[in-house]
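**Student:** First the structure, which I've put down as structure tokens, then a few questions once you've had a look.
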Amino acid sequence: MLTRNCSLLFLCFLLDKGLLSPLHSPPQGRLGKEHHRSMMGLRRNGGAGFQRVKRGWVWNQFFVLEEYMGSDPQYVGKLHTDLDKGDSIVKYTLSGEGAGSIFTIDQTTGDIHALQSLDREMKPFYTLRAQAVDLLTGRPLEPESEFVIKVQDINDNEPRFLDGPYSASVPEMSPVGTYVMQVTATDADDPTYGNSARIVYSILHGQPYFSVDPKTGVIRTALPNMDREVKALYQVLIQAKDMGGQLGGLAGTTTINITLSDLNDNPPRFSKSIFHLRVPESSPVGSALGRIKAHDLDTGKNAEVEYYIVPGDGGHMFDIVTNEHQEGIVILKKRLDYETKKSYSFKVEASNSHLDPRFLHLGPFKDTATVKINVLDVDEPPIFNRPSYSMDVYEDTSYGTVIGAVTAQDLDFGGSDVRYSIDWKRDQDSYFDIDPVIGTISTIEALDRERIAKHNISVVATKVNNPVLASKLAMAYEAFVCENSKSGQVIQTITARDGDNPPMGPRFFFRSPPQDVKDKNFTIRDYGNNTAGVVTRRSGFRRRVQDLYLLPVVIEDIGHPVLSSTGTLAVRVCACDRDGWLLSCSAEAVFLPVGLSKGALIAILVCIVILLVMVVLYVALRRQKDKGTLMTSKEDIRDNVIHYDDEGGRGGGHQRLRHRHPAQPQG
């Protein structure tokens with residue numbers, strides 16, 4: 001430090017003699033310019049002001065070492081003027097930032113000391129003002145001059161990652177050199193002085209998977225084909241070291257959590273090749289029968305699986321949908337009947353919804369499994385052989401006359417005997433009785449056609465071994481279908497009621513009987529809310545071909561055991577307008593013009609009759625006239641035939657043609 005101060009004094013001497021320019025030019029700001037003007041002013045004023053010809057101040061930019069830990073105040077530098085002859089008549093004063101508290105000056109010698117340990121990172125420089133005054137008169141010997149004390153940096157700050165720890169993501173299977181992210185460390189030391197703030201990056205933990213650029217801090221992949229399904233998360237430790245990474249430099253570290261993002265590089269796979277499901281035959285259409293699952297090691301949308309039933313086998317009875325857990329839910333599409341078929345088998349295919357073309361070479365992204373369904377027998381009510389019966393009887397039939405019979409049977413394994421009864425709910429039902437064993441229906445009261453022309457009765461068939469199970473052959477209900485109806489059109493909505501009034505409310509299922517499932521005209525569509533729709537299966541209904549269709553409907557509840565009832569819906573074919581409004585359902589009206597009133601039709605018929613009479617009269621008169629002409633023509637023809645006049649060369653004569661003799665000459 002003393003050597004440096006002696007050098008400064010020597011330089012000041014050379015500057016004072018005009019032999020050497022200052023190493024650091026004075027500040028060229030406003031204060032520096034004022035100082036220059038004041039110096040020039042001293043030269044112009046001569047004795048009126050300061051008697052100076054040459055530059056009086058010997059000064060420079062001073063430096064003070066930061067973090068000084070010595071016991072004595074740190075020497076900063078020395079101020080001196082050439083007016084100071086060493087006779088102690090010059091007094092030096094100091095003002096500005098830190099004057100008196102941080103920095104002090106010896107008023108006689110001009111030596112400046114720092115009283116405190118300074119931190120460059122808190123304040124890198126201090127601006128002060130110095131002045132030399134006459135100790136006796138107190139008059140300034142020189143104009144006040146400004147100078148700077150810079151705090152000289154030492155390497156006392158390690159690099160810091162201000163935003164750490166970090167998180168980053170890179171796709172799995174990325175090639176070597178794929179960009180991950182960039183980290184940046186900051187060093188509070190002076191970057192313009194030495195290597196205190198020169199940072200070098202390196203990886204302490206995370207190799208050989210990743211690398212870092214030592215200058216820029218850019219992190220890249222260093223290993224190919226990193227598989228997320230093997231390891232998804234990597235923790236990388238990055239170090240930033242100053243002094244260019246040399247020994248003795250300070251270092252800071254940060255952690256980067258790098259996640260491998262998923263790509264669709266794995267197909268779905270069933271855990272087993274065969275799934276077994278056991279389903280009661282009473283399961284309603286639309287109910288879930290069971291679930292299967294194909295596992296995909298990927299995540300998110302890459303793990304989304306779609307399930308399909310492979311066409312063929314028994315898949316036509318079932319459907320499959322995907323739920324939110326990527327499971328395949330097997331849905332019943334048609335009614336099951338244990339007595340008809342006891343088991344089904346079909347194949348299900350699971351495939352990814354979103355494919356990545358980069359990995360298609362790994363093979364098909366789908367898998368197949370077999371689903372086997374065993375139908376469980378359920379004790380069901382008896383089934384009538386026909387959905388409805390029609391019987392004719394004369395009104396004067398005597399009591400006890402058998403007018404017909406119904407038949408029902410138990411189709412369950414080891415079928416039970418059946419007993420019959422009439423469900424009497426109206427007075428009209430009391431006219432008939434039924435044999436409980438053989439099902440014959442007979443009259444028990446006199447029938448009057450003029451009072452009641454048609455009777456609808458409901459017959460109940462009950463199992464002997466389980467009287468709770470019963471089927472009802474219900475009365476017929478009517479609906480209509482337009483001749484211009486399209487296929488798939490709902491023509492009627494039906495509902496039912498349950499006399500048991502279950503606590504949770506009634507719940508019914510509607511369907512067609514098994515023998516009518518393939519009906520080509522209508523079908524029953526259960527809506528799942530105690531109602532069902534009658535839906536057409538074709539178009540082109542014509543009253544002249546068939547004006548009435550009988551559609552049986554089976555209604556079941558959800559009780560245990562299941563109870564059912566069969567009703568018959570009579571569907572009439574009717575004429576409708578374009579909007580579906582009914583016009584006429586009678587077959588006789590087929591040939592009548594649509595939209596004409598009865599009066600107009602009568603007038604048209606009268607005109608037609610008059611025209612017909614006129615035509616008949618005209619034809620009769622014409623025939624009469626033709627008859628007279630024909631008679632005259634016939635007489636002429638007869639004469640021509642019967643009589644023949646021959647005028648020969650020998651004279652004339654008459655001869656009948658029927659004799660066929662030649663003419664005789666006459667004398």
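Just so you know, glycine gets a Cβ as well, placed from its N, Cα and C.
For reference, TrEMBL lists these features for the protein:
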- 1-20: signal peptide (SIGNAL)
- 81-161: domain 'Cadherin' (DOMAIN)
- 162-270: domain 'Cadherin' (DOMAIN)
- 271-384: domain 'Cadherin' (DOMAIN)
- 385-508: domain 'Cadherin' (DOMAIN)
- 507-591: domain 'Cadherin' (DOMAIN)
- 600-621: transmembrane segment (TRANSMEM)
- 648-667: region 'Disordered' (REGION)
- 653-667: compositional bias 'Basic residues' (COMPBIAS)
**Student:** Using DSSP, break the domain 'Cadherin' (81-161) down into helix, strand and coil residues and give each count.
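**Tutor:** Going by DSSP assignments, the domain 'Cadherin' (81-161) contains 0 helix, 36 strand, 45 coil.
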**Student:** Considering every residue in the domain 'Cadherin' (81-161), what is the mean pLDDT value?
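**Tutor:** In the predicted model, the domain 'Cadherin' (81-161) has a mean pLDDT of 89.
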**Student:** DSSP helix, strand and coil counts for the domain 'Cadherin' (271-384)?
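**Tutor:** So the counts come to 13 helix, 54 strand, 47 coil.
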